[in-house]
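Since the structure comes first, as structure tokens, the remarks are kept for the end.
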Amino acid sequence: MNQENIIKGPAGLGLLALSAIVLLASFGYAITSLSSQGHAAFNATSTVPWGQPIATYLYFALASSGLGLIASLPLVFGFRKFYPVVKRCIFLAFIILISGMAVLALELGNVFRMLWVIPLNLQIQSAMFWMGVFYLVDLVFLLWKFQKMDAGEWDSKTSKQVGIGSFLAVLLASGNLALIFGMMSMRPFWFDGLLPIYFYLTAVASGLAALVFFTYLAHGFSRDNMSAPLRNLLEGALPKFFGAVLGGTLLFIAVRAITGMYSNNPEIHLVWSEYLFASPVYQASLWLGILLPFVLMLMSSLRTLAGTQVLVAILVFGGLFAERFFFVVGGQVIPLFKGTWEWDILSYTPSATEWSLTVMGSAMLFTLWVLGERLLNLSAMPPETVMRGNADEAAATAHS
Amino acid sequence: MAKWGMVIDLDKCTGCQACTTACAMENNTLPGESWQDVLFYHQGKYPSAQMKWLPRPCMQCENPSCVHVCPTRATYKDMDAGGIVFVDWNKCIGCKYCMIACPYGVRFYADEKPLLEPDLRDIFPGSNGQLWSPPYQNPEQDWKRGIGIQPAGVVSKCTFCYHKVSKAPAGTPDLDEDIPELKEYVPACVRTCAPKARFFGDLDNPESQVNRLIGDKHGVRLKDHTGNKPQVYYLGAGAGVPAFEPKPRS
């Protein structure tokens with residue numbers, strides 16, 4: 001079934017070599033900088049302690065959660081049309097989370113200490129403690145679910161139970177990740193009980209972007225190389241779903257922006273007026289990275305085209321990465337308890353080392369993905385889905 | 001056990017920053033790592049413009065949000081040490097969540113770009129696990145309480161000079177630098193304060209001067225709406241932080 005996967009051929013080898021070189025180079029640069037300068041190699045400071053590496057981790061972790069949620073569409077809710085992408089979803093969710101964790105590991109001051117101080121001290125009051133627990137459970141369930149798919153167990157009782165467990169783990173992990181920010185009443189820009197809903201929506205949007213991009217890349221950006229059920233999905237339900245999720249994301253951003261701008265609290269409205277909307281990068285990410293893809297996905301003549309879908313995926317990659325960056329930094333740019341001591345809102349621009357971590361995470365994702373495409377059958381789906389897809393396509397051909 | 005508290009009288013404070021200097025000397029902090037800082041504000045416009053200042057140590061909150069968020073219990077409130085909030089440098093993983101959660105911005109991650117050049121860490125490179133090792137340093141070291149010079153990758157903060165305070169005779173209601181037998185136990189910022197704007201004592205002792213001052217002079221806790229309940233009280237006019245204003249855009 002996978003003969004049409006170009007990654008299994010020489011193109012895959014080339015991509016593997018390229019991504020591995022970028023991975024080694026960026027990791028080498030980051031490690032050299034960190035070992036020679038410590039975290040002074042970062043532009044994060046005591047006033048803006050969380051910078052781009054945290055935003056990168058957030059982006060990767062939520063993209064992973066989004067892919068986990070998409071995988072639950074067929075496995076938990078019975079949307080069988082999504083079976084052609086479920087295995088790739090689960091694999092991508094796993095490797096994106098691993099890549100995000102690698103970035104986070106290099107951001108922390110003492111990463112290895114974490115391995116014993118967290119389990120030995122069990123600080124259950126901390127959302128960050130639960131982040132570790134839930135994402136660990138998420139990883140285990142993803143692996144378990146993948147193993148079930150790999151063994152051809154699509155509809156067994158255990159497989160369904162693992163699917164439900166995985167769905168719950170994803171909800172807990174990404175919802176709790178939102179609350180790491182959303183429970184901080186001293187950071188009013190973040191303080192929001194509905195933040196988990198916003199994170200679920202944007203997680204699925206970034207997950208869909210990753211899924212669309214990597215699915216097309218695996219098939220050489222040509223639908224002719226795809227199986228019939230996968231083609232049906234990309235021409236039917238998936239772009240509509242993508243559009244709906246982007247619409248929900250826009251709605252959420254609009255609601256947050258309107259309430260934020262209306263507020264008298266300078267720690268909220270100044271973030272919107274003086275930092276987010278004052279930044280051309282944020283403006284571009286919002287209009288070109290989220291609104292334009294939404295409009296493209298609304299247009300029925302365009303949304304089914306392969307080129308449009310790949311373009312939308314790439315735009316959403318950029319748009320949501322910027323959204324994460326401005327969300328993380330935006331919560332810190334109004335100086336805490338400093339009042340007029342500070343002349344202006346705090347500024348933060350990522351250093352070369354911080355950028356190298358983002359590149360490293362992305363290169364790690366590409367490397368692991370190519371290995372996965374080459375060594376595993378990520379296009380596998382239940383036999384009845386293949387037969388139904390082929391029958392649907394034959395009927396459509398006869399009809400035309 | 002005492003519950004240590006500080007009272008700062010803003011009507012007496014001259015904003016001289018001797019407290020900031022004494023703290024840095026006592027605790028060997030790096031430039032910018034101001035466990036004790038004096039913040040200067042302007043408020044209003046001519047002809048009613050004001051210049052205000054506010055000395056700001058760690059508030060050693062009764063209900064510290066930094067403690068709740070720490071995933072490793074590295075940050076903890078020690079009720080057996082007068083309710084002081086410490087950072088255990090053996091447990092801190094440098095996630096900086098406590099810095100996000102502290103409403104007062106009194107936590108520092110010194111493993112960052114230097115505030116001033118040349119970088120003191122290059123001039124006095126760290127040894128024995130220290131982030132930097134100046135030739136003259138306080139011999140007191142207690143990494144479980146964040147006392148001394150920290151290793152790389154951890155958060156540091158004011159300890160109310162616990163290495164001094166802990167040696168005071170039990171039951172002492174106030175640590176007053178004017179009482180010769182007690183002056184060695186007084187936190188550095190309190191002892192050095194020339195206009196005597198700072199007072200340090202036991203908030204649980206009804207006879208303490210800090211309690212009398214809070215009661216008689218209407219002591220207030222800053223940002224009390226956060227629910228963190230500081231153990232630092234301010235007296236006098238100007239106990240508040242003007243809202244942040246961005247620089248006017250051209």
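Glycine is treated like the rest: Cβ placed from N, Cα and C.
Bear in mind that the values here come from a model prediction, so they are computed numbers and not experimental data.
As recorded in TrEMBL:
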- A:12-34: transmembrane segment (TRANSMEM)
- A:54-77: transmembrane segment (TRANSMEM)
- A:89-112: transmembrane segment (TRANSMEM)
- A:124-144: transmembrane segment (TRANSMEM)
- A:164-185: transmembrane segment (TRANSMEM)
- A:197-221: transmembrane segment (TRANSMEM)
- A:241-263: transmembrane segment (TRANSMEM)
- A:275-298: transmembrane segment (TRANSMEM)
- A:310-335: transmembrane segment (TRANSMEM)
- A:355-372: transmembrane segment (TRANSMEM)
Quick check for me: are there 3+ Cβ pairs below 8 Å between the transmembrane segment (A:12-34) and the transmembrane segment (A:310-335), leaving out pairs under 6 residues apart? no
Looking only at residues six or more beyond either end of the transmembrane segment (A:310-335), which have a C-beta under 8 A from one in the stretch? 47-52, 54-56, 58-59, 62, 181, 184, 187, 189-190, 202, 205-206, 208-210, 212-213, 216, 221, 242, 246, 253, 266-267, 270-271, 275-276, 279, 281-282, 284-286, 288-290, 292-293, 296-297, 341-342, 345-348
Under 8 Å, at least three CB pairs between the transmembrane segment (A:275-298) and the transmembrane segment (A:241-263) (pairs 6 or more apart)? yes
Contact call for the transmembrane segment (A:54-77) and the transmembrane segment (A:241-263): at least 3 Cβ pairs under 8 Å, seq gap 6+: no
Which one, A:197-221, A:241-263, A:355-372, has the most C-beta pairs under 8 Å toward the transmembrane segment (A:164-185)? A:197-221
